[in-house]
Amino acid sequence: MLVDHLGRKIEYLRISVTDRCNFKCIYCYTNQNWKWLPHEEILRFEEIEKIARVFAKLGGKRIRLTGGEPLLRRNIETLIEKLSQIPGIIDLSLTTNGFFLEELGEKLKKAGLKRINISLDTLNKEKFEKITGISAFEKVFKSIDLALDLGFDPVKINTVVIKGFNEDEILELAKLTLEKPIEVRFIEFMPIGKNSLWDEKHIITVGEIKAILERFSELIPDFSFGGGPAKIFKWKFAKGKIGLISPISEHFCHKCNRLRITTDGRLRPCLFSDNEINLKPILREGKGTLEEAFFLALKLKPAKHNLNFTLRPMRAIGG
């Protein structure tokens, strides 16, 4: 069992399968000089599977695939099928921008993917292009209903709220839950990857978000699932739910249950810390064991983040 020095039980592993993305979101694409990792530096599918099997053997239960855009990784459904068959893994999910879901969604479901998160920060076509650098709003928005039709459950929408960009759309985004059985999750803007855009003046806290939503109707707390960082609410008459994630104003470090694997195979105990354990020498040269690496990560996991800028961009860490 993976339990750190503060008694936090680690059951959740986020794995970045690629640093590449077809979008250039303003809060993620922070370094114009960033070069994609060379192919040989990226973890192979069999290496990811080996890591996942050891994680499960040590008590891990949940895995999420991220990027970059994970659906850019060729034959990603092959990896999903392998991971879905690992004994002990009860939840396999993926975060995507939704662009490729029409082409790949059915394959992902058949391979064993259980649930999906789609990133969507605006309902305005022009603003969408400004935020992402690509004209694809209709395709991404369509992917929400597509995911529901394919049977992914739950389908969640991740919205990064940035003051001056999209805080005026909080209510309209939340209203998607009135008619759709989805969870819209509002996430405070975070300082990742030396982000020149990040400034405290761009933060709108979950407290402010909640106040906006409650002016429309009372939010009822939902405690049906408490395994993640989001505080869950719903409107009485809504089909879906609303999640509020507060890494800045009300950090949830005391109940953090996760570790991360970067695209190039580094085990990362905390999103906001650049402490990492390189797994490639273990996987490719037999230097040490993955079990030892996981237990070292537990020792390195901080009690709480200090809101440091990390050197890596989010697409390499895994959003």
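Cβ coordinates are placed from backbone N, Cα and C, and glycine is handled just like the others.
Matching Arg44, Arg53, Arg62, Arg64 to the GTP binding residues that TrEMBL gives (Arg14, Thr95, Lys156, Arg258, Leu259, Arg260) identifies Arg64. Arg260 (GTP binding site) has its Cα within 10 Å of the Cα of none of the binding-site residues Cys28, Met190, Cys253. According to DSSP, Cys256 ([4Fe-4S] cluster 2 binding site) is assigned to coil rather than to any helix or strand. Here the candidates are the binding-site residues Arg14, Met190, Cys253, Leu259, and by Cα distance the one nearest Cys21 ([4Fe-4S] cluster 1 binding site) turns out to be Arg14. When the binding-site residues Cys25, Tyr27, Gly68, Cys270 are screened for a Cα within 10 A of the Cα of Arg258 (GTP binding site), the ones that qualify are Cys270. Look at the binding-site residues Cys21, Cys28, Cys253, Cys256, Cys270 and count other Cβ atoms within 10 Å of each Cβ; Cys253 has the fewest.
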